[in-house]
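Engineer: Sharing a structure below in structure tokens format, with a few things to ask.
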Amino acid sequence: KSSKREWKPLEDHSCTDVPWLLLFILFCIGMGFICGFSIATGAAARLLSGYDSYGNICGQKNVKVEGIVNSGLDLTHKKYVFFLDPCNIDLVHQKIKSIALCVSACPRTELKTLADVQKFAETNGSTLCSYELQPSEYTTDPRAAKLCPKYPVPESAPIPFFHRCAPVNISCYAKFAEALITFVSDSSVLHRLISGVMTSKEIIMGLCLLSLVLSMILMVIIRYISRVLVWILTILVILGSLGGTGVLWWLYAKQRLSASALETQIAKDNLQALLIYAIAATVFTVILLLIMLIMRKRVALTIALFHVAGKVFIHLPLLVFQPFWTFFVLILFWTYWIAVLLFLGTTGSPVPNEEGFVEFQMAGPLKYMWWYHVVGLIWISEFILACQQMTVAGAVVTYYFTREKRNLPFTPILASVNRLVCYHLGTVAKGSFIITIVKIPRMILMYIHTQLKGKENACARCMLKACICCLWCLEKCLTYLNQNAYTATAINSTNFCTSAKDAFVILVENALRVAAINTVGDFMLFLGKVLIVCSTGLAGIMLLNYQRDYTIWVLPLIIVCLFAFLVAHCFLSIYEMVVDVLFLCFAIDTKYNDGSPGREFYMDKVLMEFVENSRKSMKEAGRGGGAEGRELKPM
């Protein structure tokens, strides 16, 4: 047990948090049961093949539903679902408010009258009116106004794999589009926007590739420009705070000189307000300058860590592609989750509704399965992200605590994945579950706040927002602590709680350094994201400006900028993760090693120079030289 507390890196590997791994496996089995249940009850067939308003599944023989006319029909040759009024969309319940029928073919041309509908049925053998009407009765039977489609019947085409006839002209869904895109009030604007995207799709793809290349280049060169960025940021902050304070005092002096001629109450109030603002700005500037003076050496550590992080990516190039694998796995899981959710929407027993048609509903406890499914979405998504964090932590820990870099494993990333799968999946499951139990209440409160918008009083609204904000802050703090706990687990193979406690102690002992890294470092990475988005956006403006074939290219430019920010965020978040792992390794290294024989440092030469400079500053400051001397005393 004592050897665990001495932080002996990579000397012992053991399974951690096995009960939590078993619990996670049982939960995943439950998710599989929901999928199997929905498929076994016919939901998959109803989703893929489609069903009509009477409970018949298209393309097969059906069983009679008690009390429902037109049910139990043989629809083997009618494989497509056709809606009599496909444009009548219920935005509240997210469904089409129309009678659905099974037909043998979708109308490929617009049908303007019932005579056209009758001719289409006689020519193609596809009856678009309700089953009780024969094609010969379409123009003579008075029931045709209700049982036949609303005309003109728009041109339709079957949706691939889902056998639904959907209108080809998207203006049919203008109301739905306006609800989603509030600034589109005219369908012609929507057409022009979409045509702009389709016409410039090659440019969009090229600009997205450009943002990808710029992100990879920035990750390589950021270690060379980090020092310049930090000092530019420092100078701008100092000049901004001093300049703002000087302007406020200048305005106060100017107002005071002219206040003798203005004896109004408004002039006095403005003068007093300026005095308060000037004093507050002065206090803020003095505090800011003191903080920057105290943390100036921690800023040097941030620069050194960024420099070493650049070397990590040179030795471990597969780290660059880590976001792609994570995103790919997330897409696969989300696709599966959405498919099962759609299955759940069509599962259950047929029940007649108020209009005499059939709806499929689950009875008893089974109708709450979707809650379990939602929890699974959050927990498994967090589990996948935590696996990425543990993989990155394991690879960086291997790099840092390997003295001879030429002795690194052939692929440290794969070695880290192997350790994760063999030993630490339980730790990842526990850490992701903790995030899940914080995220779910926040999502519930956000849902309540959305549902009660405009109905609750100001006090209740304020309390809801305060609770949501507190849970968000707690989630961010736990996410940061979890990441450091995974690093501690990768170093010492301890369970989650022990690793979190040990990492927390290290972070508290280096609180000022943590603050410097999380402020200066995060701002540097934010500037990197802004640089990539601005560069991609500028290139997009120059390219799109020379294209005269389309009228509106605002939407393509927005798509490109959003994609550029997403790509930059994915790449630089990995960079931030590497810096955090390096810092914890550095803090442990300086705490338990001093460079003497038998206790040599593991750190890189750049970090060694930082340590030597810190020691020189300690000697110059003398004994008992304040907070810096106390912090570096273990070295």
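Every residue gets a Cβ built from N, Cα and C, even glycine.
Curation plays no part in TrEMBL annotations; they are all automatic predictions.
Look at TrEMBL and you will find 20-45, 203-222, 228-253, 274-294, 300-320, 327-348, 368-401, 523-544, 550-572 tagged as transmembrane segment.
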Engineer: Go through 20-45, 203-222, 228-253, 523-544 and flag the stretch with the largest number of C-beta pairs under 8 Å relative to the transmembrane segment (327-348).
Structural biologist: 20-45
Engineer: Within the same chain, where does the transmembrane segment (368-401) have neighbours whose Cβ lies under 8 angstroms from its own Cβ atoms, ignoring anything closer than 6 residues to its ends? I mean 6 or more beyond.
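Structural biologist: Here the qualifying positions are 9-10, 24, 27-28, 30-31, 34, 37, 312, 315-316, 319, 322-323, 325-326, 329-330, 333-334, 337, 340-341, 344, 362, 408-409, 412-413, 415-417, 419-420, 424, 427-429, 431-433, 435-436, 439-440, 443, 482-483, 486-487, 489-491, 574, 577-578, 581-582, 585-586, 589, 602-603.
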Engineer: Out of 20-45, 203-222, 228-253, 300-320, 523-544, which stretch has the largest tally of CB pairs under 8 angstroms to the transmembrane segment (274-294)?
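Structural biologist: Out of the listed stretches, 228-253 contacts the transmembrane segment (274-294) most.
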Engineer: Could you tell me what the rest of the chain brings near the transmembrane segment (228-253), counting residues at least six beyond its ends with Cβ under 8 Å?
Structural biologist: 271, 274-275, 277-278, 281-282, 284-285, 288-289, 292, 299, 302-303, 520, 523-524, 527
Engineer: Taking the transmembrane segment (203-222) as the first stretch and the transmembrane segment (20-45) as the second, find out whether 3 or more Cβ pairs fall under 8 Å, excluding pairs closer than 6 in sequence.
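Structural biologist: They are not in contact.
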